[in-house]
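According to TrEMBL:
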DOMAIN    3-131  domain 'PIN'
BINDING   D5, D108  Mg(2+) binding site
Amino acid sequence: MKIVDINVLIYAINSADRNHRAAAGWLAAALQGSDTVGFSWSTILGFVRICTNPAAMQHPLTVEQAFDAVQSWLASPKAVVLEPTARHLMIMKGLLVERGTAANLTSDAHLAALAIEYGGSVATFDRDVEALGVTVTIPTAS
C-alpha cells in the first residue's frame, strides 16, 4: 500500500509547480497500478483547504474543482480512505517522543502511523518522513 501525502496531491494539480509532472504521473500510475493507494482524511481535507485558498495558490481551485479532483482519485478501485486503528495514537506518540518533538512532524507522524498500521509506505516529496522510520517513495515521472 502507498499512502499519499498532501504535497503529492497539491503538486499533481498545480501545473506551475516544478514537481507537477512527477506528482501527476506517479499518482495516475499508482491509481492504475497493482498496489492499493491510501488517502487519509487529514490529507484530503488539507488538499481542499490549501488548493482553494488564494493566499496559498497562485491559481486556486474552486471548491467544486477541488472536490471533483478528490472524487476522481477515490473513484479508482485501487483507492481507499484509511481510518486510524485503536493503536494509532500510541504509534504516533512513540514516533514523536522518540524524536523529542512534534511540531512540524505531527502530520508526517500521522501518515507514518498509518503506514505502520496498514503495512504500507508513504509517497511524499517531504524527506522528513524518512526520519520516522517508515519506507518512503519519492514520486518520479514515468
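Using N, Cα and C of the backbone, Cβ positions are placed for all residues, glycine too.
TrEMBL labels come from automatic prediction, so no person has curated them.
Bear in mind that the values here come from a model prediction, so they are computed numbers and not experimental data.
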If you run through the domain 'PIN' (3-131) with DSSP, how many residues end up as helix, strand and coil?
-> 76 helix, 13 strand, 40 coil
Over the domain 'PIN' (3-131), what is the model's mean pLDDT?
-> 97
